[in-house]
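J.: One structure, pasted below without further comment.
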Amino acid sequence: MALQLYNTLTRQKDIFEPIDPANVRLYACGPTVYDFLHIGNGRMLIVFDLLFRVLRDLYGADHVRYVRNITDVDDKINARAAERGIDIRVLTDEMTAIFHEDAKALNCLPPTVEPRATEHMAEMIAIIEKLVANGHAYIAEGHVLFDVPSMPDYGKLSKRPLDDMIAGARVEVAPYKRSPTDFVLWKPAKPEEPGWESPWGRGRPGWHLECSAMSWKHLGEVFDIHGGGIDLVFPHHENEVAQTCSAFGHDVMANVWMHNGHLQVEGQKMSKSLGNFLTIRDVLKDWPGETVRFTMLKTHYRQPIDWTLSSLRESQRELDRWYPVARAFDQINPDNIPGIPSSFRDALQDDLNTPEAITILRRLYKDALETTDYAGVHLLLCGKLLGLFDQSLEKWKNWKPASFTVENVTFEDLIKEREEARAAKNWPKSDHLRDVLASYGIVLKDNKDGTTSWEAKR
């Protein structure tokens, strides 16, 4: 079947027709590097890594260009660097390196290009100059702002009427704005802040402008697919569309817009106040990256996902069963094997239908146990297309939580901590500690007298 993708712009699944099949172009909004990324950011990384893999499988690895940016100029970055008393570049380099480690642990392929916002000031200034020249931007009190009413179809991505946006604007609107909906393209920089010389004085760009400049530089004025989290549809992606289309005179910036759904934790919105805020690094301390990835893929990318310990536990169990079967076929000559089953490719080409693809993996595993021809090697090949089975069987079996050692006293301390959590009826912590120990091969048994015994199973 032909690749079909749900397009936020059209609100339907469209058959994907690249502008140039020999140069398929994909852009995804990357991180603002001021802190550790949370697990919801991890979902976005995995979703668009999967899309990158599917496009490479369909068009050839040399014919797909994936750009995922680094935002390294932002108010949050300035504030965090000041808080820590370090140079901004030191902070952004440190957090970018940590981000790369997290992405690698989740088995995400490196993008073709990973541009930094600070390296694209010339492109940003050029776009602003175009917008001012053609009447879509104006200068006011050292700022340059996009004139939203000058674009008749503003709101076409988010499907928000302009009148509703004006009514919903904050009561306190900067006095230099012509319309409450106008947004900043360039703003003055304080002496202690990073800044760049421009025709409008020393300053720095607005957030939305950065992605317009980087996508233009590396993918062109119009490209195939733009992606990100659902929270970016408005205002970030809407404003990208406004800037780029108004600057270059096209009706679209990207032909397809894709957005992954929200993530919640144990049925609740993730927040620091609830104590359930999880960074990618937090999760990777207790679970293998492939387990995290597999858990994400079990839910269709457009649906909300409920991040639970039980779902992680089940993913770990499935991969523990599948790994020995899949990796048993490492040495087989691929030239002697029929290609990936068409049903598996069809599932992924149906708007990245990973739940259906995983159902097929389960069927292949069952068939492999019954010695069906090629089922085991198909399990391996299909899993690899999802970004699974990337390790040797020995490495998979020997994985241990990074924060623990193998000495019994460590286990006893954890078991005691869990008993205290149970006594305090802190069930989430109790379940978490049980899962950590289980991933390390320690199986607990809660006794009637309130104590807990354990045995090593792995």
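In case you wondered, yes, glycine gets a Cβ from its N, Cα and C as well.
Below, the features straight out of Swiss-Prot:
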type	residues	note
BINDING	C29, C211, H236, E240	Zn(2+) binding site
BINDING	K272	ATP binding site
MOTIF	31-41	motif ''HIGH' region'
MOTIF	269-273	motif ''KMSKS' region'
J.: What's the CA to CA span in angstrom from C211 (Zn(2+) binding site) over to the residue listed as 'ATP binding site'?
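T.: Cα to Cα, C211 (Zn(2+) binding site) and the residue listed as 'ATP binding site' are separated by 28 Å.
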J.: Enumerate the residues of the same chain, C29, C211, H236, E240 excluded, that satisfy the criterion Cβ within 8 A of the mean position of the Cβ atoms of the recorded Zn(2+) site; list them in sequence order.
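T.: Neighbours within 8 Å of the Cβ centroid, excluding C29, C211, H236, E240: W207, H208, E210, S212, H226, G228, L232, H237, N239.
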J.: Rounded to the nearest angstrom, how far is the Cα of the residue listed as 'ATP binding site' from the Cα of C29 (Zn(2+) binding site)?
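T.: About 24 Å separate the Cα atoms of these two residues.
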J.: Among all protein chains shown, how many Cβ atoms are found within 10 Å of the Cβ of E240 (Zn(2+) binding site), not counting that one?
T.: 27
J.: Looking only at H236, K272, which of these binding-site residues has the biggest number of Cβ atoms within 10 Å around its Cβ?
T.: H236
J.: Same chain only, please: residues at least 6 beyond the ends of the motif ''HIGH' region' (31-41) with a C-beta under 8 Å from a C-beta of the stretch. Say none if there are none.
T.: 70-72, 74, 76-77, 79-81, 91-92, 95-96, 98-99, 102, 229, 262-263, 265, 270, 277-283, 292, 307
J.: On the three-state reduction of DSSP, what should I expect for E240 (Zn(2+) binding site)?
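T.: Helix, per DSSP.
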J.: In the motif ''KMSKS' region' (269-273), how many residues does DSSP put in helix, strand and coil?
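T.: Helix, strand, coil within the motif ''KMSKS' region' (269-273): 0 helix, 1 strand, 4 coil.
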